[in-house]
Amino acid sequence: MDLSPSLLLMLWTLLSVLVEEITGQKVYTNTWAAHISGGSAEADRLCKKYGFINHGLIFEDHYHFSHRAVMKRSLTPKRTRQVLLKREPQVHWLEQQVAKKRKKRDIYTDPTDPKFMQQWYLLDTNRHDLHVKEAWEQGFTGKGIVVSILDDGIEKNHPDLQANYDPAASYDVNDQDPDPQPRYTQLNDNRHGTRCAGEVAAVANNGICGVGIAYNANIGGVRMLDGEVTDAVEARSLGLNPNHIHIYSASWGPEDDGKTVDGPAKLAEEAFYRGVTQGRGGLGSIYVWASGNGGREHDSCNCDGYTNSIYTLSISSTTQMGNVPWYSEACSSTLATTYSSGNQNEKQIVTTDLRQKCTDSHTGTSASAPLAAGIIALALEANKNLTWRDMQHLVVQTSNPAGLNANDWITNGVGRKVSHSYGYGLLDAGAMVAMAKTWVTVGPQRKYVIDILSEPKDIGKALEVRRKVEPCAGMSNYISTLEHVQARLSLSYNCRGDLAIYLTSPMGTRSCLLAPRPHDYSADGFNDWSFMTTHSWDEDPAGEWVLEIENVSNNNNYGTLTQFVLVLYGTASEGLSRKFDGDGSRNVASSQSCIVCEEGYFLHQKSCIKSCPQGFTSSIQNIHYTLDNNIEPLLVNVCVPCHVSCATCKGTTINDCLTCPAHSHYNLLDYSCTHQTQRSRESPTLKDSSHDYVARTSNLPFIVAILSCLFIIVVFGSIFLFLQLRSGGVLGRKRLYMLDSGIISYKGIPSGAWQEEGFSESETEETAAHSERTAFLKQQSTL
């Protein structure tokens, strides 16, 4: 059989490659590298002379040649052509090129675990997935991140978990020992925690089961559901080793029966708070929570105080086809979604199982939360400085609503799609990791509390409460962009399940805080229950908030709303410039107690002005506002009035005048203004200089003082002279006269005068005669 030359060449090339692979022998190509002096012209001349092709410079005087007559791959070098060319004096070095084995140093290859190809939610080229492969390709697999599963224990010796098991992230709270191994039963009741653990950190490439999303993360477990669950048990679990554990994943909560309203008690609530404020060295523990499986009972996850907490990252479920599962609960506190089980024809979740087995039938929102915990571990590996709130911001900004089917998608005030069934959409691991790498930590959390009701309100068939809110810039509770919003309500109602409650933000986002629950016949109402929504994330809180409470039944129900406290959480990191009008002012609704001005403006009569008017001067005042029983300090640039005697001033006292009003004189010595008399109000003649005028006006107080003193002395002397003349006729006589009307004394005479001179003889006689007359009159009156 005749073979064409091209076919023979191809076969020879393939044979060369095969020999190379088997023996490791060198394979020579039809290219050379040469060091030739004389420039490109000389290199071209030599190539033409010996049949080479010049492919150009490699770098200075070094050229890349090839030869058509030489096979592209050969096991032996072509020495003849090389020797001939090398004899040329301009050729300093020549070498036939050898094919080298080089492999791409990819950091990612698909896991080889036998069940990996069944993990459709990790990698599905036909439909949407969680984009986990994109995160792996960026080099993140959870290394250095610690996740603990709060559940019924973890099978620490499972072959697909053992290599990643972390005893420091584990404990048995039920039996008070360090071993979280589940209690085995015939029904395998305590498999839940082991299944959740495998979703997060099942080991990769070990030939067992599938792979965890964060397959290099450390995984632990807390056995706390296999016994009496108390407030203390929950608190100890939530607070386990908070500076070692980064992420806590919980797929449990109160009964999903459509009638229960329950949440963390005092100790658990304190554990949450301590976790987010002290965990991870102050960055905050991250709590991932399953939103609940009460969909068939028309339950609301806003009646679950764990998923409804601002401290938890609440995760819902969607099916393989992107539909709302039959078990899913809708509520406004859900932040995002991952995949889980659906109808019978839809696939479920692959993970580790009890008794060192593997399962492909993990279901419910119990399966969704650990997938989210794994993705969060990847993001945390990309940036270990993320706070607990940073992580929620990343989830909001990167979650993808595409492909998720629901009839309640809306676009909120900042242009994001959000749903009560899905939150902001499907978690996207690749996008989260990419954003996490360059994420800048958000500003400190701020809290603004407004007590809305001044008196109880009858609910009746429907009740609407409106309130304009304007958080004030410069105050510690000022918020420019929202995160969580809570409506803390207390109300009585004879059938709680007939109520629907909505909250509409100033930017028009309407959150369903409570959907009707047909199985809830309770007459207990709500007692200071916090309904939370994430749907207004990043919106501006300023403006009118509207609370609606509606009786959806035809029954004549009755009840009273006794408390409505609006609690806003967010940041002031957006900057204040966009908050002010063009004139530097920020006006406040009349119901508010404050107004603030941009830097460079001054507060004056509830408006902002560039400079203070005449009669006022600028000042910084520490004003205290009373807000919801809290006294908040605020430093304000204000215009304060001058003293009444000043026209303009530098302060508020009488000695801070800069200029005086008309008909007043300015005193340069004490910077005061003195009001002129009517006589002195004549204008100075034109020939008088302003200096002479000021001098005269400044001497006036001294002249007035001197004249006043002289006047007082004259009056005093006149009175003294008059009294002296009346008492004795001359100044030298110091006598007292006894008259019928009594003793007349001059109080200015020293008391020593009575002792210096006694009575005269005539005065003694007059006194005796007077006494006799007095005695005679008394005797006559007696008769």
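Any Cβ shown, glycine's included, is placed from N, Cα and C.
These come from Swiss-Prot:
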- ASP151: active site, charge relay system (ACT_SITE)
- HIS192: active site, charge relay system (ACT_SITE)
- SER366: active site, charge relay system (ACT_SITE)
- ASP113, ASP160, VAL203, ASN206, GLY210: Ca(2+) 1 binding site (BINDING)
- ASP152, 189-190, GLU234, 251-256, ASP262, 290-293, ASP304, TYR306, SER366: substrate binding site (BINDING)
- ASP172, ASP177, ASP179: Ca(2+) 2 binding site (BINDING)
- 119-433: domain 'Peptidase S8' (DOMAIN)
- 442-574: domain 'P/Homo B' (DOMAIN)
- 585-618: repeat 'FU 1' (REPEAT)
- 636-679: repeat 'FU 2' (REPEAT)
- 106-701: topological domain 'Lumenal' (TOPO_DOM)
Neighbouring C-beta atoms (10 Å sphere around the C-beta of ASP179 (Ca(2+) 2 binding site)): 12
Cβ atoms near GLU234 (substrate binding site) (within 10 Å, other residues, all chains): 24
Under 8 Å by Cβ from ASP152 (substrate binding site), counting only residues of that chain that are 6 or more apart: PRO182, ARG183, ASP189, ASN190, ARG191, HIS192, GLY193, ARG223, MET224, LEU225, ASP226
Spatial neighbours of ASP160 (Ca(2+) 1 binding site) that are distant in sequence (at least 6 apart) but have CB under 8 A: GLY198, ALA202, VAL203, ASN206, ILE208, CYS209, GLY210, THR352, CYS358
Under 8 Å by Cβ from ASP256 (substrate binding site), same chain, sequence gap 6 or more: GLY292, ASN293, GLY294, GLU297, ASP299, ASP304, GLU329
Within the repeat 'FU 2' (636-679), residues counted as helix, strand or coil by DSSP: 1 helix, 19 strand, 24 coil
ASP151 (active site, charge relay system) and ASP179 (Ca(2+) 2 binding site), distance between Cα atoms, whole Å: 13
Rounded Cα-Cα span from SER366 (active site, charge relay system) to SER291 (substrate binding site), Å: 9
List of residues, in chain order, with Cβ under 8 A from that of ASP113 (Ca(2+) 1 binding site) and at least 6 apart: ALA202, ALA204, ASN205, ASN206, GLY207, ILE208, CYS209, GLY210, VAL211
For the domain 'P/Homo B' (442-574), the number of residues DSSP places in helix, strand and coil: 3 helix, 70 strand, 60 coil
Those recorded positions listed as ASP151, ASP172, ASP177, and which of them has the most Cβ atoms within 10 Å of its own Cβ: ASP151
Entry from the recorded positions list ASN206, SER291, SER366 having the most other CB atoms no farther than 10 A: SER291
Pairwise Cα distance for ASP172 (Ca(2+) 2 binding site)/GLY253 (substrate binding site) [Å, integer]: 19
Cα-nearest neighbour of GLU234 (substrate binding site) within the listed recorded positions, ASP151, ASP177, SER366: ASP151
Those residues of the chain, 6+ apart, with a Cβ under 8 Å from that of GLY253 (substrate binding site): TRP289, ALA290, GLY292, ASP304, TYR306, THR307
Rounded Cα separation (Å) that holds between ASP151 (active site, charge relay system) and ASP177 (Ca(2+) 2 binding site): 15
Surrounding CB atoms that lie within 10 Å of the CB of HIS192 (active site, charge relay system), all protein chains: 23
